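Working notes for the structure below.
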């Protein structure tokens, strides 16, 4: 029989410990689609900017909602967020880097580029994995004190976190293949009149990315450097996805000890709204389940459903306070 977690047993319902843990370098926010991942990651980045020297917020979700959230256009270059001196943001497509690298090789005279493309994309997930490597290489060169990732919906998030091991294996084979057939490539390249070093450069770049991935992989599995914030709403499917996410993160060896539950209803006392009453009863059921499952080991943060859309730095800053100071429902 499941035991009920008491208030005394429960972890503090805030993300204060993430702000206090100055050794953290990588923070991921993820969960099912439509649960408020972007709002949560933006809010957390705003709070981190109060205690860290420099914060970078990255969207790896193809939908790219950071621009909408802040009301400011972001792209592939890190740009300061309006109103903040030490918070930057960028939106990148993890699938674009491999194709760009092949195109660069072709432009430099790589007659074997079509062959290289077929070979590269024959490795499952390598296009996204190469994008991931490019992202991490870029981010590491920027030297921000902490990086917050606004990830894609759960399935994409888990694949994103598996890229280091996928890419490490793939690039080991790819580099080995390149070294074995390198002389043949050069001879054929000379016959075709192309640049002799194009493929060598490509292999060198792949090898460099493999080294970056190996280092990042070890950092992701270091709880002093990396943590994952699970974002959900009080519904069955979202709770189910959260449990699956936590289990898979545990399998990857990635620390997770925080859950943010968004869009909670708190009708004012005496409210005659039948829809609100029924909806709140359903939410309460899943919140109780969540607390029983996680409150002893996780910081479970409850965020209210607001009456207006959260867009722009001011509203995000206001919402971010709920991550540090528990919301007090009307009595």
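Glycine residues also receive a Cβ, built from the backbone N, Cα and C atoms like all the rest.
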According to Swiss-Prot, 32, 33, 34, 35, 36, 37, 38, 39, 262 bind ATP; which one of 77, 235, 289, 296 is annotated to that same site? 235
Let's check the environment of residue 273 (Zn(2+) binding site): how many other CB atoms sit within 10 Å of its CB? 12
For residue 38 (ATP binding site), which DSSP three-state class applies? helix
Note: in the chain of residue 38 (ATP binding site), residues six or more apart in sequence with C-beta under 8 angstroms of its C-beta are 59, 61, 65, 66, 68, 69, 150
Could you state the whole-number distance in Å separating the C-alpha atoms of residue 34 (ATP binding site) and residue 273 (Zn(2+) binding site)? 25
